[in-house]
Amino acid sequence: MPSYSIFFFMAPLLYLILSLMIASISAQGPPSPGYSPSSKINSITFDQGFRNRWGPQHQKVDQDTLTIWLDNSSGSGFKSLQTYRSGYFGAAIKLQSGYTAGVITSLYLSNNEDYPGNHDEIDIEFLGTTPDKPYTLQTNVYVKGSGDGNIIGRELRFHLWFDPTQDYHNYAIVWNPSEIIFLVDDVPIRRYPRKSDATFPLRPMYLYGSIWDASPWATEDGKYKADYQYQPFIGKYTNFKLGGCTANGPASCRPPSASPSSSSGLSGQQYSAMEWVQRNYLVYNYCQDPKRDHTLIPEC
């Protein structure tokens with residue numbers, strides 16, 4: 001058999017073997033980051049750290065689990081009792097399966113109530129989906145909204161290496177004066193460093209969580225809307241963690257770190273885990289979007 005015939009015979013088989021190897025590697029999950037920032041923060045109950053913000057009739061606390069839901073009458077949200085200038089902010093969250101297009105389940109820091117139209121925000125948002133596609137986890141950073149609705153988003157979006165509807169997983173934000181780290185089960189997925197004061201949130205913020213209808217943009221840029229024949233849409237939260245420096249706390253308060261060295265940045269092992277996630281599961285990076293005005297996002 002001529003060599004080129006062997007090549008054409010073997011190529012599909014080699015492609016199949018390579019695809020199976022890649023799928024197998026991805027199925028194993030990311031390499032260990034070697035450090036668990038969550039282990040340094042004690043868990044609290046919902047009532048110890050939070051209160052209802054809106055939609056109280058769509059919120060229920062049962063033992064250590066908070067359930068919030070959205071139907072065609074309302075969604076629901078909650079808010080931390082204190083405001084923070086740095087900290088570790090996390091919760092274990094379980095999402096609803098099935099058709100959830102248009103629905104956002106979130107955990108985020110914001111000072112919008114103190115600075116409406118000119119606020120800062122650090123987001124973890126789960127963008128609802130259709131049953132044939134995975135959830136998207138959107139991370140985002142806002143800095144001093146302009147007041148005219150032209151708030152500049154800094155979105156990185158990920159798929160996950162597990163099904164977030166099957167069990168609880170821990171999601172967290174570490175925010176200190178030098179960086180923001182987004183974590184999933186203690187694996188760093190994004191680091192946003194402070195490159196200038198103009199592109200980094202520095203004012204105190206509350207921690208919020210919510211479930212709401214964002215049909216105009218949440219799922220494939222609004223292609224699929226919330227469909228209330230599938231209501232209620234439910235989000236479950238437990239294992240709340242709040243650790244850090246409150247706005248009125250002592251100036252000597254030491255902000256938390258995501259790394260084992262208790263300094264800014266990540267360890268080499270943590271960087272390796274983050275790079276694995278971004279190589280395999282990053283699906284959108286605002287810095288690489290040609291439609292964005294890059295004069296407005298100089299940190300890129």
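Every residue gets a Cβ built from N, Cα and C, even glycine.
Just so you know, the Cβ of GLU121 (active site, nucleophile) picks up 19 other Cβ atoms within 10 Å once every protein chain is counted. Annotated active site, nucleophile per TrEMBL: GLU121, in sequence order.
In sequence order, ILE104, THR105, SER106, TYR108, LEU137, GLN138, THR139, ASN140 constitute the residues six or more apart from GLU125 (active site, proton donor) in its chain with CB-CB distances below 8 Å. TrEMBL lists GLU125 with the feature active site, proton donor.
Here TrEMBL flags 25-237 as domain 'GH16'.
Annotated signal peptide per TrEMBL: 1-27, in sequence order.
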Would you mind giving the whole-number mean pLDDT across the domain 'GH16' (25-237)? 94
